[in-house]
Amino acid sequence: MSIPAIRATGDAPTPAPTGQRADTPTQRTRPRRKFPLPRPGALFVSPYALFLLVVFAVPLGYTLWISFHRFYFTAPGAEFDAPWVGLRNYQDVFSDPVVLRSFLNIAVFLAINVPLTVVLSLVLASALNAKLPMRSFFRAAYYVPYVTASVALVAVWQFLFGAEGLVNNLLGDLAPDPSWLVNPVLAMPVIAVFVAWKQLGFFVMVYLAALQSVSKELYESAALDGAGRVRSFLSVTVPGVRPATTLVAVYAIITGANLFSEPYLLTGGGGPDHASASPVLVMYQRGIEQGHPDFAAALGVVLVLFVVVLSLLARKLTEKEG
Amino acid sequence: MSRTPGAMTRLLGGRSARLLVLTLGAVAFLFPFLHMLVGSLQKTTTGDLNGAIPTPGTLTTDSYANINDTISLGRSLLNSGVVTIGVLLSTLVFGVLAGYALARLQFRGRGTLFAALLLVQTIPFQLLMLPLYVLVVRDYGLGDSYLGMMLPFAVNSTAVFLFRQFFLQIPGEIFEAARIDGAGELAVLWRVAVPMASPALLTGCLLTFIGPWNEFLWPFLVTKDADMQPLAVSLAGFMSNLQGTVDNPTGALMAGACVLAVPAVALFLLFQHRFTHTNIDSGVKG
């Protein structure tokens, strides 16, 4: 799930020529039969196709079905009725204060996480984009949090930002009260900063690659027109990497829709008082802890729609730009 | 950091300014890891600067013993390892087959399957957790089993995509020659394509590894039995429930975090050049 959006668009220019290349040999060597045997291609992809069916298509359909019925957990094998309830689960979702709060929290998350990620990763990528000593050390250093388990990193951040943690010790009297993770105003921002920190290395690489494709001539002509460094950064670099920026923003949105471990572990179950609850955390608490899978399924459908709309939007934007 | 991009560019003009920015960045990224390591070795783990600077005489490996007694590190590591290796093998076998077919073979539904491959990568897994939980745990009875933990990750779609891109880059004449010599498709794949694909296979393994090794939510949902929990889950359990059971609980938590972090970080550092390189090549430039 990590690299997808970028991969998907990066691929866009290739299909036409490569598709032809792949077609010709097979067509030439295998004459059409009236009742063709299954082609090796179909056999080769069948396990993967089955996997997609079982792990994506069926659950997607099932979650839709559950979301329109009154659905309970029962002992395995027990028969039970699941009456059709129309849109009632969706009404419950949209009228639930905790759900609404969780969407508001995601808005806070995005308002902090997206600009922070875009600015810092573009700055670090621009700084890296030159012949420098220890360049590969820096690249590796930025990437390390990205490959490390959230649970391990959350543990350290909990320690750093805890009431007795290093951050508060350094701040002394300036330390917030109540402390970061139990403060209703600060809990969500800490999560947004944590996620930006964890993912930044990946986006630095994305920008670094995007910077390679910004034409040197544009910088030269900007300089000829009398643009200073600041002006050429804003007029050449920033528009030049816009497709990457779009992807960074959309990927952050998808991550935001997906937050779970951070509010569950870092702020002790979306606390204080749901101030850092995320939609997926609410799905878990309502669906599995409290046994209302139908409510959680409807919430899941709302989230899937949210993510699909954004992905399509991203594709459209990047195609137009790139 | 409150610098505006404009000020930043001016700063970035000089080489030493670039290095300064990059060094600040590296400190911000690496400091928490130092804090984790030092904290795991302190006799009494504290959130002051002693937790960042190792002081001889106050260091001990007690925290590692404590976390091992509480959540049984060996068993948890074994569970993480079995799940991760299972996913790796399954991704290598089924993913290479699928990637090769998508790149090089003609069959009905190829375009649809490729579109599905791209689509599923934009659907976050978390959103499918509820129906998957109902199916896997309630209907198939795979709770507390390795198979249940592996199922949603069994074939890494990003790796399939990577394999496809790689097989597309190999000149078609090579496959053609093998086919003219009478090799079946499986032989072409096994004797011609796979031996050439080792860089893609390595990258595929690395990016597949960090998924199941680091995953928390899904194994957390499907395992109730502590003996089946992978390390990420048992450590999270310690974080939320068991901290009162040991002396110096923060130290024990940091020790567990180190054990969880080390395999993925070590693999990444060993192969980092190739990892980032291939990522960028197949990703952004297109």
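The backbone N, Cα and C atoms fix where each Cβ goes, glycine too.
The domain 'ABC transmembrane type-1' annotation in TrEMBL covers A:103-314. The annotation region 'Disordered' is assigned in TrEMBL to A:1-35. Marked as transmembrane segment by TrEMBL: A:42-65, A:103-128, A:140-160, A:180-211, A:232-254, A:295-314.
At the 8 Å Cβ threshold, with sequence separation of at least 6, the transmembrane segment (A:42-65) lacks contact with the transmembrane segment (A:140-160), having fewer than 3 such pairs. The highest tally of CB pairs under 8 A with the transmembrane segment (A:180-211), across A:103-128, A:140-160, A:232-254, A:295-314, is held by A:103-128. Residues 5, 60, 63-64, 66-67, 71, 89-90, 92-93, 96, 99, 246-247, 250, 253-254, 257, 279-280, 282-284, 286-288 of the same chain sit 6 or more residues outside the transmembrane segment (A:295-314) yet have a Cβ under 8 Å from a Cβ within it. The list of residues near the transmembrane segment (A:103-128) in space but at least 6 beyond its ends in sequence, with Cβ under 8 angstroms from a Cβ of it, reads 135, 138-139, 142, 188-189, 191-193, 195-196, 199-200, 203-208, 210-211, 233, 237-238, 241, 245, 248-249, 252-253, 255-257, 259, 274-279.
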